[in-house]
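Read the structure below first, then the notes.
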Amino acid sequence: MADQHPHDHDIVTRPAIAMAGTGCDAEQYAALYRRSLDDSDGFWAEQAKRIDWITAPTRIANWSFDPVDIRWFEDGVLNICHNAVDRHVEAGRGDRTALIFEPDDPSGEVRKISYAQLQREVAIFANTLKKLGVAKGDRVTIYMPMVPEGAFAMLACARIGAIHSVIFGGFSPDAIAGRVEDCRSDWIVTADEGLRGSKRIPLKANVDTACDKVPVKGVLVYRHTGGDVAMQEGRDHWYHELSADVSRDCPCEPMQAEDPLFILYTSGSTGKPKGVLHTTGGYAVWTETTFRYVFDYREDEVFWCTADIGWVTGHSYIVYGPLLNGATALMFEGVPNYPDHDRFWQVVDKHKVNIFYTAPTAIRSLMREGKDYVTRHDLSTLRLLGSVGEPINPEAWRWYYETVGKAKIPVVDTWWQTETGGIMITTLPGAHDMKPGSAGRAFFGIAPQLVDGDGKVLADEATGGSAEGNLCITRSWPGQARTVYGDHDRFVQTYFSTYKGKYFTGDGCRRDDDGYYWITGRVDDVINVSGHRMGTAEVESALVLHPKVAEAAVVGYPHEIKGQGIYCYVTLNAGDEPSEGLEAELRQWVRKEIGPIATPDHIHFTPALPKTRSGKIMRRILRKIAENETGSLGDTSTLADPAIVETLIETRKNR
Ligand code: WT7
């Protein structure tokens, strides 16, 4: 049994305002949670009733983690776009606002798109894709700025049964090419340029460079900034031109529940990013249900998730979750600190935001600027705050709760992953007291389990009690990823082989006696930089592509704002010398290979890396040195050359 942790008893009572809208209270949670495990089929059949099925499912769960084969609602037929858009119009709610667009430039034009308009826009977009040649089952790459057309493109794919693969605008041409090639996508939807903090992002030019490497059949270009772009005859089409004469009606394609909905690439501890595949029925039920209970949505409220649609958070809680619930979602093109550090609060005030969902890295960076930026705005419409993407330190939690929420409204810290499709562990606003720094309790249908390195069970919902270990989930849930696109073996290897028969999350976690989970961070070679997941192996491969680099080892280290920073140990080829110029060049090199989100914080040139006699790099030591924990390096006696450790400590970069 793990020792009690000092924070375990640090409880913030849920505010009275948190009485249920679409959420639930403590008693209901207990009953619903129990039923979700004891009568899983009954529970999910009932949740699934809020979805419009063309053919209602009779088989609810049908899954196995050994061998790995996951199906939910498999004989059901539906279209998720119909559920997110058309059915609200058909129910007479077409005038309700679906999306509010707040542009990068605060004086720019706000767009409010009603559900009826959304239906029209998505149908036109879908017909334009068809005109381009896109058919059911085709993969469509979407590389768009944070504008409503990005959401239209996703929904248009879903409408016609094409599989979208959205790539975040911060990724490089090489990253685009790799993803396009991996899922054999013949089509790309992009824009001339994106805007972030007044900077222009050359989206179309990046696509052009990617297509030089990996040719595609068609590129659809949405005119956003009006910036100059090259159009390649026969391949590139302006959206406004190609869409001009298409029909405004486009039927929704009936889809089997297990038909693919989207691919989303995410980093792992080894190799290239994986194309995580989500399917239609389970994902629809999961995002609808989690949005409904976690955010306790009430009619006409404005929900704002600050993520980008290029990440799973944007997929599930800007597009699908809110729209499936008929909610109003705000889409923000810009960044938290442009034109000034109060942009978030200015936007909350301007659009009367009720529910605000952001990442700890943003909270930490705004916290540093002082509370005046917050207090100068009227935030009285806020009713619920959410956090996602990385562990939130209690200090940032307190600031969020007290300065932004005025200690009056709940904060939900939601733990989940690209692979989980939606929220897995969280407090529910009307049901649970909060513990700053803990993600909270298991959501309906989720069975977390903590195991030790050998797979011995330390604690789960059945045993209760406190323990710290590796976080597994022992049963499937509807929103779970079904496979890695084109590589089911890799799916099995990555998630189900460390602990046979269980889904292994890659996270370390503590459970306390009250059943609250405290995520301690990744236990694999994945790091979390500003809430973005990064495989250290990816950064290493990028570095060793440079002609002067012999070897590279990349680790994370604690970073005040980003959560983790990227620390790179680099050895050079014989004859090449370290220099500040080369350091800058390598930083630039990684940006070009992967994208700005992977920019190294520190490049540490070293004559050698600490290796065992069998040649294995001892990452544990490299991590400790980068973390400045040099007093506790542990056993270094198995190193081929123990002296290298002293050299590394002396030349450490982030002192
Ligand atoms: C990893 C997943 C969830 C969507 C955005 C990130 C970390 C995520 C929390 C949280 C502590 C968290 C985990 C997880 N993480 N949310 N509330 N508390 N850690 O999705 O890129 O797939 O990353 O993010 O380490 O494994 P992702």
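Positions of Cβ are set from backbone N, Cα and C atoms, glycine also.
Of the residues Arg376, Arg398, Arg533, TrEMBL places Arg533 in the same ATP site as Gly389, Glu390, Pro391, Asp413, Thr414, Trp415, Trp416, Gln417, Thr418, Asp507, Arg522.
Proximity of the binding-site residues (Ser198, Thr313, Pro391, Trp416, Arg522, Val549) to ligand 1: a Cβ under 6 Å from the molecule is found for Thr313, Pro391, Trp416, Arg522.
Surrounding the centroid of the Cβ atoms of Val544, His546, Val549, where the record places Mg(2+), the chain contributes additional residues within 8 Å, namely Ala542, Leu543, Leu545, Pro547, Lys548, Ala550, Ala552, Val570, Leu586, Trp589. Using a 10 Å Cβ-Cβ cutoff, Trp416 (ATP binding site) registers 24 neighbours. When the alpha carbons of Val544 (Mg(2+) binding site) and Arg591 (CoA binding site) are compared, the span between them is 14 angstrom. On the 0 to 100 pLDDT scale, the domain 'AMP-binding enzyme C-terminal' (538-616) averages 95 in the predicted structure.
Of all Cβ atoms in the shown protein chains, 22 besides its own fall within 10 Å of the Cβ of Val549 (Mg(2+) binding site).
Counting neighbouring Cβ atoms within 10 Å of each of the binding-site residues (Ser198, Thr313, Asn337, Thr414, Thr418), the lowest count belongs to Ser198.
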